[in-house]
Structures are given as structure tokens and as C-alpha cells.
Amino acid sequence: MIFILLYLAKKFRMKNKIKNKVKGSDILQLEVVAIGGYEEVGRNMTAVNVDGEIIIFDMGLRLDRVMIHEDSDVSKMHSLNLIEMGVIPDDTVMKNIEGEVKAIVVSHGHLDHIGAITKLAHRYNAPIIGTPYTLELVKREILSEKKFDVRNPLITLNAKETMDLTPNLSLEFIKITHSIPDAVLPVLHTPYGAIVYGNDFKFDNIPIVGEKPDYRAIKKVGKKGVICMISESTRVNFEGKTPSEGVAASLLKNDLLGTDNENNGVVITTFSSHIARIKSITEIAERMGRIPVLIGRSMAKYCGIAEDIGLVEFPKNTKMAGDPTSVDRIFHQVMKEGKEKYMLVVTGHQGEEGAVLSRMATNKTPFRFERHDQVVFSADVIPNPMNAAQRYMLEARLKLAGVRLFKGAHVSGHAAKEDHRDMIRWLNPEHIIPAHGDFNLTATYAKLAEEEGYRLGEDVHLLRNGQSLKFERII
Ligand SMILES: [Zn+2]
């Protein structure tokens with residue numbers, strides 16, 4: 001009881017102090033805290049402090065730091081170990097930030113944005129706000145967590161909707177496109193203007209699943225006034241514009257419909273959360289007269305949820321196999337009835353040991369590769385030596401079995417340089433903070449911003465994890 005009272009008294013004093021400061025000097029107190037994702041691609045987490053009211057954006061994992069991939073499990077590991085290993089954001093910097101966390105906002109369901117929620121969210125007395133698909137994925141993460149009890153309320157906010165967070169702050173979700181459904185561009189409306197969290201997005205006018213980005217809403221926010229934009233920079237070093245998901249569908253058709261594969265096995269591997277890509281694949285299977293089968297724990301999870309909440313409709317004869325028993329069963333069936341009747345969509349595009357494709361290639365499933373079977377990699381190799389080595393081994397094994405490999409059918413889910421330039425022009429932010437990359441990427445973004453009239457250190461800022469930027473301005 002005494003502890004509770006002390007806590008409340010402390011809280012009250014802190015609130016008063018901040019209030020007085022604002023009232024007394026009429027100075028805008030706005031601070032952006034770079035917690036994770038400012039020295040790497042991954043473990044995204046940013047806090048924005050507006051007059052003592054703090055909003056956290058994303059809590060993600062760094063996927064390459066340990067052998068973590070879509071099929072692996074960090075549920076038993078402790079936050080402090082994971083922070084030390086650089087796997088999750090080091091949010092201990094939050095101790096030095098004066099104010100109260102009012103909400104944790106998640107931009108989309110990729111693990112580098114939601115994967116640390118189960119390890120960190122319980123430390124904050126605040127709800128988690130996201131779109132329906134993102135929150136379903138958050139729920140699954142919470143259910144599989146074995147170390148911490150995450151009880152933060154989950155609040156759904158749909159794209160195109162706005163909700164009040166406090167009397168001074170409201171949150172708008174603008175429809176955006178990415179490589180997972182239901183991704184949004186969160187906009188925090190403050191009494192001093194908007195703060196836009198652009199982490200991650202692409203501008204895709206043929207997204208296959210879901211709608212195009214809401215360009216009108218983006219421009220409207222820009223016209224009203226943006227104080228600060230935090231933007232991803234993972235693909236800013238690519239010239240031009242990132243191709244649409246419609247282009248990936250055409251590339252897949254080229255590989256699958258344009259190859260002599262009528263009597264052979266056809267296996268495709270891609271990101272389990274890339275529902276648009278998987279939808280294109282299943283539709284091509286239908287055209288080829290094959291039954292699409294989605295195989296692997298994460299494949300069944302991401303696709304199952306997307307179908308359950310009505311985001312996507314796969315062809316009626318589509319089968320899913322997630323747990324090891326049903327995976328084995330479906331492979332037996334395929335081998336018995338004939339590979340040429342099926343199209344297998346499997347996990348393991350990076351060559352991950354333990355994922356379905358590697359297990360197939362090493363004969364750990366009832367499936368057997370034969371000469372002239374076709375394997376399509378609808379994903380890029382994520383550039384780190386571990387992935388490169390694993391992919392090399394997988395490909396070598398497949399080639400030894402006489403399998404035909406196809407690798408080009410992929411487009412990125414991240415904005416390229418000219419997409420970013422459009423975003424800057426539409427939002428016209430007073431300040432820009434590039435995120436989601438190390439110096440090589442964030443500095444490339446800063447250079448682009450300079451081309452658009454910004455100046456490093458004045459209105460485009462490079463932060464490292466743990467650093468923060470204070471905007472103080474007399475209003
Ligand atoms: Zn993402």
C-alpha cells in the first residue's frame with residue numbers, strides 16, 4: 001500500500017512539473033528518442049515525448065543477430081539477455097525520459113516491428129494499438145511467450161481511422177502498402193503539428209491484396225504541417241521506384257507458366273507473411289490445374305489469420321499444413337498421388353536449417369526431389385554471411401538432385417529513392433530523422449534530403465540507438 005501511494009505521489013509531482021514548465025515558458029517540448037533500428041536493419045523502436053506524454057512506435061527484433069527466422073522460437077529467453085545480444089531494442093534509455101507512456105503503436109506485423117513486444121511491453125502501463133491483422137499477429141506472439149506475462153490492452157484502429165490518445169494527442173492510421181497486409185503509416189497529431197512514423201512502406205498501385213496507399217491523406221497531413229518525419233531507409237540506396245507487387249505476379253507467371261514443368265514437381269518458397277505474393281502463387285497454381293498447398297508452421301499461421309479475418313481469399317482447393325504431423329501427411333499424399341497435381345508453397349527461402357525446404361532437400365520429409373523438378377525462390381537472399389552460406393548449401397543440394405532453380409521472381413516491399421523523394425515532397429516535414437538502417441543507409445537518406453533542400457544537423461538528423469533529439473521552440 002505504501003509503495004502504491006509513493007508511486008502515485010511521485011507520478012503526480014512529475015506531471016505537475018512538466019505542466020508548469022510548459023505553462024511557464026510557453027515552449028514546445030518535443031523529443032524523439034531513437035531506441036532501436038538506428039544502427040541496423042531491425043529491432044525498430046522509437047519514442048516520441050510531447051509535453052510529457054510519450055508514444056512508443058514499434059518494438060521489434062533484430063532477426064539476424066541470433067539464428068532467428070520465421071520458424072524459430074525466442075519465447076524462453078529473457079529481455080536482458082536479448083538486449084545484451086542486440087536482439088531487441090535497449091529500452092533502458094526510457095528511464096531518463098521524463099513523462100508517461102500513453103500508447104504503444106505498431107505500424108505492421110513484421111517481426112522487426114512487433115517481435116519484442118512480448119519482452120518489453122509489460123514494462124509500460126499502456127495499450128498496444130494496431131490494425132486488425134497486426135494485432136492478431138501480436139496476440140499469437142503473446143500466446144507463445146513463455147517468460148513474460150504481457151497484459152497490455154490491445155486496441156484495434158483501422159486504416160483511415162483516427163483515435164484520441166489523450167486530450168492533446170490523436171493517432172491517425174493512413175493506408176500504406178508494404179510486403180504484409182494491413183500496414184499503415186501512423187501519424188501522431190499534436191498541438192504543434194504532426195509527427196509521421198514512416199517505417200516501413202512502399203508506394204504500390206497494384207498491391208494484389210488490399211488497397212493502394214491513401215495518397216490524398218498523406219498530402220492532407222503535409223498541408224496541415226508536419227514537424228517531424230521518421231522514415232525507413234532500408235532501400236534508399238536503390239535509384240528509381242520500387243516495382244509493384246503486380247510486377248512480381250508477372251515474374252512468377254513467367255517462371256511458372258513459361259517453363260516445361262507439366263510432369264514435374266513445382267515448389268515455391270517465399271516470405272510466409274507476404275500474403276499478396278502467396279495469393280498470386282495460388283492463383284497461378286489454379287491456372288496450371290494444380291492444387292496449391294501452403295506448408296510450414298509460419299506459412300499456415302500468417303495465411304490462416306489473413307484468411308480468417310477476411311483479408312484474402314485463396315482458391316477454394318488450397319490446402320494448409322502447419323504442424324509436423326500434417327506436413328508429413330500432405331507430403332505422403334503428394335508423393336502417392338503425383339507431384340504434378342500439386343504446387344507446394346513452403347518456408348525456407350533463406351536456406352534456414354529446420355525450415356521446410358531445407359528439410360525437403362535433405363530427405364527429412366517424405367518428399368523426394370527428382371531431376372527436372374522446379375524450385376522458385378520468390379525472395380532475395382537477406383545479405384548476411386550466415387544466410388549466404390545456408391542458401392549456398394541448399395542450392396548445392398537441390399542442383400545435385402537435378403532440380404531446376406529460378407530466382408528472379410521478387411520485388412521489394414520497401415520504398416526506393418524516388419519513392420522517398422515523393423514522400424518528402426508530399427509531407428514537407430520541418431525535420432527528418434532517417435531510421436531502419438546503419439549509417440550507410442541513414443546517411444544516404446540524409447543526402448537525398450539535402451537534395452530536397454534540407455541540411456544535415458539543421459533539419460535532417462542522424463541518430464544512433466539511445467540518442468534523442470529535442471525540439472524546443474517558442475510557440
Ligand atoms: Zn516491414
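Positions of Cβ are set from backbone N, Cα and C atoms, glycine also.
Any TrEMBL annotation is an automated prediction that lacks curation.
As the structure is a computational prediction, the values presented were derived from the model and not from experiment.
The Zn(2+) 1 site recorded in TrEMBL includes H108, H110, H178, and the single candidate from D90, D149, D200, D204 that the record places there is D200. In the predicted model, the domain 'Metallo-beta-lactamase' (42-251) shows an average pLDDT of 94.
If you take the Cα of H178 (Zn(2+) 1 binding site) and the Cα of S412 (substrate binding site), they are about 9 angstrom apart, rounded to a whole number.
In the three-state DSSP scheme, H113 (Zn(2+) 2 binding site) is classed as helix. For H436 (Zn(2+) 2 binding site), the nearest of the binding-site residues H110, D200, H410, V411, S412 in terms of C-alpha separation is D200. Contact annotation for binding-site residues (H410, V411, S412, H414, H436) versus ligand 1: none, no CB falling under 6 Å from a ligand atom.
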